[in-house]
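Annotated in TrEMBL:
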type   : residues : note
REPEAT : 166-199  : repeat 'TPR'
REPEAT : 401-434  : repeat 'TPR'
COILED : 490-559  : coiled coil
Amino acid sequence: MSIGVAQAEEGHFAAALESYESAQEIFGQLQRLRSKNGARLLANIAITKAKVFEDRKEVVAAFSTALEAFTEQKLLESKEGVRLLIEAGKALEELERFAEALDHYKTARDTLERARALGSLMGIEVLEKMSDAQFELDDLEGAESNLVMAVAKKDAKGALDSAEGAALLQKLGDLQVELNGYEEALTSYRSARQILEDRNGLKGFSAACLLANMATLEAASKPAQALEGFEEARKLFLEAEAIDTEEGADLLVNLANQHVKAGEADLALRHLRHAQEVFQTKDLLNSMSGVKLWMNFGLAFMQKEGDSTAPSAFEETRDALGKAWKVLEGAKSRVVRGGEAGRSQANAGTETLLAVELNALMAQASIRAGNFEAALADLERGRALIQRHGGRGFQDTEAAAEVFYNLGVCYSEMEDLDQAIESFESAASSLKAQGPLSSSFATEVCGALADAYFEAEDTSKAVETYELACQSEEAYDGDETTLALLLTKRGLALAELDDLEDALKDHEQARSVAEEGDFLQTGLGADILVNMGIAKAKGQLLEEAVADFEVALEILEENEMLETEMGARVLQNLSIAQKQLGDVKGAEECEAGARRILGLCEDREKDE
């Protein structure tokens, strides 16, 4: 038997197995198989067969024989017994007999706990294997608990700062994502990255997946940082010659999504076409990854609608979204027919979330086309899915928030203010349940809700909600023009509440943001000055108000925007201020100018 051990240590497993089987014959002739050494020989045979045999059933049978011998010889609670249980569990996992594997791992854990050795390297391995089996059995909470313990014990042993420790943290992050613990997952991923960077080990396929996962979690709140992360991950995939794997293609889809959000549709389409080639080669176009691919094609084409260089973008948007829907419906029908035995609740949840997201996306396409009835039909289907699966927390997802937000947009366009407010409130509630409001979408939702409150003359709520929108935009470190617009809108609402001091502070801040961002000489800059002038006029700072209105008129004229409804609005407010200052002639001239412009606007509307 010692010859076989030496051969196995050198990696000559086939030769080792021959030596073990020869020893087994001798042990049998000497009737020593039912001894401690006989049990150890059977264990070596099973472990070596696992290295050599492709028939996993025969391997599992060999482990069963060895475990019976270890039990009979009272060796199961030894270090050798624990190792045998671990290897037997691994063999069972390969046959997808996860419940039996978990039983072996539990027995091993109990033995190590009694020996106070759960903090050993073998104990850490047992905890990790238990977590793997529990994950496959959909016991995600149990899986996380064991993996957290494994990380803690590895850290206590001073072994976390290693490639193996980084891999353990990465696995924990993946599991926390499955449990929607996104902040916890980011913490785990960042720790794994730091370990790899310190060891100059941030390279290869696994590291590429780590960076891609980090960027995916950062995408909502830190888009610029996420884009850098996706690009860095893409570089690692390329260096590892793994960009044409399923994971590499998924990275390209996520990278494309960030480019769409940055307004770079052409660059997004380039990455999507590469991903499409990979998915086609790997027969994945009809998978959930394919659904995401087609959805992002739809987003990119939607962005190009109206672009003279892409006259077919409108049709391509609908074609891409139609393909996504076809794939998703196909997946659901296969499940109904029982074609996906063993399909987990997590997979079912993923498909439902994708269906909700796709309904929202199709509705956006209809909204852009001005077809609000079609959009409402898509959104009501999405809402029905959310309500049907409410117990799984679907109400508190970004996909649900997209549905509610777009419902609010539709109802606003249809002038059903009550329904619009209710929908926007549901969208905000979904986002708040996910954590602090700190994304461009959160800003958009809160801004729309505040606008609706203001239109409904619920001005106090409008002020509160504009504040939430401003906080989200500042936390997200987003677009300066958005922040300036929100500030001046909040200033308008505060002026309605006669809080002129705070109103002027908001308008002044909006003006400062516009000056720093070099967009004061634009239409938005003019709007800020008009709103500030209105607040000053209300506070009887008439001369300052007139000065603001006059500067706003100059800006509109420079931008060829004077003969618009905005130009008429400025002239009307300037007329009121001049009249209060006793400049009757100037007031009459401004009023006449406003009437003339409104007439032009009406004529243009009729022509259209």
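Keep in mind that glycine also has a Cβ here, set from the backbone N, Cα and C atoms.
Just so you know, TrEMBL annotations are computer predictions that nobody has curated.
Secondary structure counts, DSSP: the repeat 'TPR' (166-199) has 30 helix, 0 strand, 4 coil.
Across the repeat 'TPR' (401-434), DSSP classifies residues as 29 helix, 0 strand, 5 coil. Same-chain residues lying 6+ beyond the ends of the repeat 'TPR' (166-199) with a Cβ under 8 Å from its Cβ atoms: 128, 131, 135, 140-141, 143-144, 147-148, 150-151, 154, 160, 206-207, 209-211, 213-214, 217-218, 346, 393, 434-435.
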